[in-house]
Amino acid sequence: MLEVSNLTAIRDERVLFENLQFEIKPGELVQIEGRNGTGKTTLLRIITGLGDREEGMIKWKGEEVEKSRDVFHQDLLFLGHQTGVKRELTAFENLRFYQSIQNNSTSDEEIFTALTQVGLAGREDVPVAQLSAGQQRRVALARLWLSKQILWILDEPLTAIDKQGVKVLEALFAQHADNGGIVMLTTHQDMFADSPKLRKIKLGD
């Protein structure tokens with residue numbers, strides 16, 4: 001379970017959110033809503049440890065994340081605004097690299113399957129620098145199909161993704177929740193309209 005209590009963030013003397021509290025349980029899909037500038041990305045970065053908070057506490061599995069950082073990061077997959085892919089490597093090599101640093105045992109076939117899921121079949125050996133922005137985003141998203149992490153935190157994962165790609169990702173997110181995972185994301189698109197697993201947390205007015 002992810003627990004956030006009394007979380008406050010201030011940027012340039014402006015309060016983005018104050019005394020924010022929520023709990024997220026395994027099996028939930030959580031969409032962070034709010035206008036631009038209300039702190040959606042800031043919230044995700046604070047939870048992942050990449051951003052600073054004014055005050056508040058974040059717990060994972062009952063432990064403060066600062067005291068169990070290694071365990072938390074083993075359970076976390078974070079995809080931010082930037083794709084995080086290495087432009088000099090191919091799509092296949094990028095996924096192989098990420099799996100190796102996470103000490104995940106992954107076969108070549110599993111990597112090819114993940115790239116097929118995101119519509120990159122036939123582009124596996126193309127250097128990422130030669131792919132479009134949307135295709136580079138897909139390389140990053142392919143990590144989700146290989147992920148063994150429980151907690152997925154995704155900042156605008158649907159950017160530059162077509163309608164069919166959105167449907168595929170929506171199904172993957174729902175499957176992850178069904179398997180006891182947690183998906184926490186920001187997006188400007190309507191998703192999971194009929195899902196009882198969906199929760200929305202709104203920032204700002």
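From the backbone N, Cα and C atoms, a Cβ is placed for every residue, glycine too.
The average pLDDT computed for the domain 'ABC transporter' (2-204) is 93. Annotated domain 'ABC transporter' per Swiss-Prot: 2-204, in sequence order, evidence recorded as sequence analysis.
As annotated by Swiss-Prot, ATP binding site applies to GLY34, ARG35, ASN36, GLY37, THR38, GLY39, LYS40, THR41, with the evidence given as sequence analysis. Look at GLY34 (ATP binding site): DSSP puts it in coil.
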Can you give me the residues near the recorded ATP site, meaning same chain, not GLY34, ARG35, ASN36, GLY37, THR38, GLY39, LYS40, THR41 themselves, Cβ no more than 8 Å from the center of the site's Cβ atoms? LEU16, THR42, LEU203, GLY204
Any same-chain residues 6+ apart from GLY37 (ATP binding site) with CB under 8 Å of its CB? Would you list them in sequence order, or say none? LEU16, GLY204
Same-chain residues at least 6 positions away from GLY34 (ATP binding site) with a Cβ under 8 Å from its Cβ, in sequence order, are LYS40, LYS202, LEU203, GLY204
Please list, in sequence order, the residues in the chain of THR38 (ATP binding site) that are at least six apart in sequence and whose C-beta is under 8 Å away from its C-beta. LEU16, PHE17, LEU203, GLY204
Specify the count of other C-beta atoms within 10 Å of the C-beta of THR41 (ATP binding site). 19
